[in-house]
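Reading through the structure tokens given below for one structure.
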Amino acid sequence: MTAAENVCYTLINVPMDSEPPSEISLKNDLEKGDVKSKTEALKKVIIMILNGEKLPGLLMTIIRFVLPLQDHTIKKLLLVFWEIVPKTTPDGRLLHEMILVCDAYRKDLQHPNEFIRGSTLRFLCKLKEAELLEPLMPAIRACLEHRHSYVRRNAVLAIYTIYRNFEHLIPDAPELIHDFLVDEKDASCKRNAFMMLIHADQDRALDYLSTCIDQVQTFGDILQLVIVELIYKACHANPSERARFIRCIYNLLQSSSPAVKYEAAGTLVTLSSAPTAIKAAAQCYIDLIIKESDNNVKLIVLDRLIELKEHPAHERVLQDLVMDILRVLSTPDLEVRKKTLQLALDLVSSRNVEELVIVLKKEVIKTNNVSEHEDTDKYRQLLVRTLHSCSVRFPDMAANVIPVLMEFLSDNNEAAAADVLEFVREAIQRFDNLRMLIVEKMLEVFHAIKSVKIYRGALWILGEYCSTKEDIQSVMTEIRRSLGEIPIVESEIKKEAGELKPEEEITVGPVQKLVTEMGTYATQSALSSSRPTKKEEDRPPLRGFLLDGDFFVAASLATTLTKIALRYVALVQEKKKQNSFVAEAMLLMATILHLGKSSLPKKPITDDDVDRISLCLKVLSECSPLMNDIFNKECRQSLSHMLSAKLEEEKLSQKKESEKRNVTVQPDDPISFMQLTAKNEMNCKEDQFQLSLLAAMGNTQRKEAADPLASKLNKVTQLTGFSDPVYAEAYVHVNQYDIVLDVLVVNQTSDTLQNCTLELATLGDLKLVEKPSPLTLAPHDFANIKANVKVASTENGIIFGNIVYDVSGAASDRNCVVLSDIHIDIMDYIQPATCTDAEFRQMWAEFEWENKVTVNTNMIDLNDYLRHILKSTNMKCLTPEKALSGYCGFMAANLYARSIFGEDALANVSIEKPIHQGPDAAVTGHIRIRAKSQGMALSLGDKINLSQKKTSI
């Protein structure tokens with residue numbers, strides 16, 4: 001018998017503050033009390049029997065005085081009582097009193113009330129005594145013809161259970177149920193009958209389905225789901241049946257029930273690899289995503305589409321459905337949009353890239369018309385990155401994309417503008433034919449850029465790629481326009497002197513006294529000192545940045561001016577024009593230096609920026625060929641090398657992914673003789689319905705699922721010692737959002753232990769769902785207790801507690817055995833993830849909790865230590881492999897991971913190997929961990945410290 005078929009008893013809480021009733025008082029209430037008293041007494045009897053009391057003297061009393069009553073509440077309680085009361089003698093023979101009970105069952109099966117009949121039939125499903133069931137078989141059969149569907153469907157369940165447990169009692173059950181199914185009209189009755197045939201006589205079920213295969217679409221959804229399950233199981237066991245039933249699955253794709261459509265699509269994919277079948281299933285998935293309102297459903301179905309894409313043969317079919325997949329972008333949820341865009345990007349080809357770009361451009365324009373929202377900004381970023389990737393993969397599309405995206409350089413959202421700038425920088429370097437277009441568009445939006453970071457990037461691009469005399473002059477004009485009147489210091493002093501004009505004076509409104517909640521006076525003024533003055537609003541952008549004290553942009557400007565001046569000198573032969581242009585560039589640098597040294601800016605210029613601007617002045621004053629090469633050639637080559645390395649890294653990553661996806665089994669993989677299949681082939685060989693059932697019951701583990709030979713015994717935690725009167729050990733089963741403790745409790749004494757209770761408490765972000773119920777342990781007996789602990793976040797948690805019990809017949813106080821602590825491993829909740837460098841830096845700046853861990857290890861190789869940290873923390877290294885290759889005595893790497901609760905974890909590894917200590921010197925350094933929550937940062941730090949201790953031993 002499987003775990004799913006075991007009897008599940010209802011646990012009833014007993015108030016401990018009242019005295020347990022005596023058998024005599026209960027007998028008196030059951031014999032002489034009214035209906036209410038008998039009801040209460042029967043409840044107490046049930047609770048006492050559940051807690052281990054025998055009460056044999058009350059059995060005949062209940063049969064004589066309670067069983068004949070017609071009260072519905074008492075009848076329901078009696079069903080519970082007959083389920084739990086011992087029905088056999090110690091030697092296993094049926095009690096004589098149960099013959100009387102059997103007669104009562106028969107009368108209830110013929111009762112005019114359909115609820116009593118149905119409840120009795122449900123109760124009979126739980127009986128394990130064939131002697132009790134045998135006299136009832138005619139009455140159970142008769143219930144199949146009852147007028148009410150509630151009775152009929154429970155009669156089917158009773159017949160199925162009896163046939164499964166005691167086939168000799170009703171050997172013709174499959175034939176009986178088949179005849180019932182043919183004439184039945186009620187959907188729930190047909191569903192139960194069909195389900196029985198699936199498990200009892202699958203051939204008969206298939207024959208019935210063949211007779212009504214054209215009417216399947218008219219059936220109710222509960223019956224359609226069972227039909228899908230039958231077809232899946234039949235074809236899984238016997239592939240030759242596929243041709244017989246695949247048309248039925250196609251028809252069920254048109255069902256009105258989303259659940260049926262989803263299951264039918266999943267079954268169709270397993271039955272056939274034909275392009276038409278894959279296309280029909282994918283189209284069904286897409287329709288479900290669009291029509292379903294629940295975002296969780298959308299994400300689940302999207303995952304099924306992504307699984308389809310992983311198969312090389314299916315990927316080609318899905319490429320034709322890219323435009324249909326993009327319809328999902330109408331969903332406002334960001335996570336759904338993110339997955340959809342990634343899927344579309346993976347499927348895009350030269351055949352449909354043009355249509356994809358048109359749709360994405362429309363989506364980008366739509367984000368302009370939507371009111372500003374955090375998700376809108378993030379969605380715009382996703383669109384920009386997708387268009388960026390499309391343009392890199394399909395260069396012909398870049399010319400269509402650039403004009404639309406360039407407008408976002410002036411966007412208030414700096415993150416989206418930064419993504420556009422990154423795309424423009426890559427496009428202008430890769431595509432020579434687009435340089436003129438990009439420079440032209442850049443000059444158009446240059447004056448409207450609001451962010452200093454974007455302004456710096458735009459300056460660099462213009463300085464690097466303006467190659468004609470006209471473009472260089474246009475750049476100089478834009479810079480002068482953005483800088484305003486020069487010299488800056490003199491013009492600003494003049495403005496300050498004439499600043500307070502009547503129309504610009506700030507007027508102060510009348511002062512009003514207010515009384516606060518504490519009874520004190522508060523003064524309210526109409527003066528708004530934070531309002532920017534008209535003078536500040538009218539400042540040109542570059543001038544505003546400089547007066548705010550941001551002189552890093554000035555250093556970038558000096559480099560740009562130097563580049564275009566050197567290029568202008570090379571292009572123009574007239575000495576006068578050369579000198580004039582160079583002098584103008586030097587004047588701009590000098591006036592910025594003057595401003596930086598004055599008291600006008602909010603923050604003074606830094607020494608680094610002064611050095612950079614001074615260096616540029618010196619380069620322009622000398623104009624040496626060496627400096628010309630450095631500024632106009634080496635800079636561009638550096639960018640080219642960086643982009644090439646990035647592209648190579650992406651190709652390598654894609655190659656690894658494709659190899660991992662395409663190779664089902666390696667030649668040197670070990671064979672698991674238990675299954676005779678490769679480990680990574682097992683998923684497709686398993687019955688998916690059985691797998692989902694096991695997952696729902698919590699019988700599969702994420703780590704063990706990959707290897708069927710892995711044992712649960714590896715995770716057993718001993719809670720008490722072998723010399724303790726009660727021995728306990730637990731298997732910690734970690735699910736996604738909860739932990740199940742399966743505790744084995746063994747009574748090692750010769751006494752009966754009563755009220756043996758497992759008392760648990762938690763430390764950290766853990767919560768005990770329910771308190772385990774007390775139990776009674778016979779001498780040297782054992783029992784399993786399960787406890788559920790809910791997990792709310794990724795934080796090191798501790799479960800501790802004790803076992804308390806009473807010794808039968810002893811007058812002493814309760815005994816207590818203290819349990820060892822159970823430490824919950826956070827690695828079960830952390831998964832490697834990836835993000836861009838910009839996102840990493842942004843999160844690093846935003847996260848407020850930092851944990852600095854000092855490296856303490858015996859390891860002598862930097863790369864080995866990094867690999868050890870990655871394995872210990874389950875994080876992903878974002879630093880490219882090429883950047884970590886070679887040996888120079890020190891290493892810096894960025895790590896990233898996400899928890900299943902959506903928490904981000906960042907780490908920066910900064911390590912070195914002291915050369916002066918010789919080749920056997922241990923690795924030293926620090927690991928800085930940053931997270932949004934304190935628990936995450938501390939937990940990861942503890943994990944690293946623990947792993948370092950293990951390596952140091």
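Placed from the backbone N, Cα and C atoms, the Cβ positions cover glycine too.
Feature annotations, reproduced from Swiss-Prot:
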| type | residues | note |
| --- | --- | --- |
| MOD_RES | T2 | N-acetylthreonine |
| REPEAT | 96-131 | repeat 'HEAT 1' |
| REPEAT | 132-168 | repeat 'HEAT 2' |
| REPEAT | 240-276 | repeat 'HEAT 3' |
| REPEAT | 277-314 | repeat 'HEAT 4' |
| REPEAT | 316-353 | repeat 'HEAT 5' |
| REPEAT | 396-433 | repeat 'HEAT 6' |
| MOD_RES | K494 | N6-acetyllysine |
Helix, strand and coil counts within the repeat 'HEAT 4' (277-314) (DSSP): 34 helix, 0 strand, 4 coil
Within-chain partners of the repeat 'HEAT 1' (96-131) [C-beta distance under 8 Å, separation at least 6 from its ends]: 7, 59-60, 63, 67, 72, 75-76, 79, 82-83, 87-88, 139-140, 142-143, 146, 148, 150-151, 154-155, 157-158, 161-162, 165-166, 168-169
Segment-level pLDDT (mean, integer) for the repeat 'HEAT 3' (240-276): 87
Protein Cβ atoms within 10 Å of K494 (N6-acetyllysine), excluding its own: 11
Residue distribution over DSSP helix, strand and coil in the repeat 'HEAT 2' (132-168): 33 helix, 0 strand, 4 coil
Counts of helix, strand and coil residues, the repeat 'HEAT 6' (396-433), according to DSSP: 34 helix, 0 strand, 4 coil
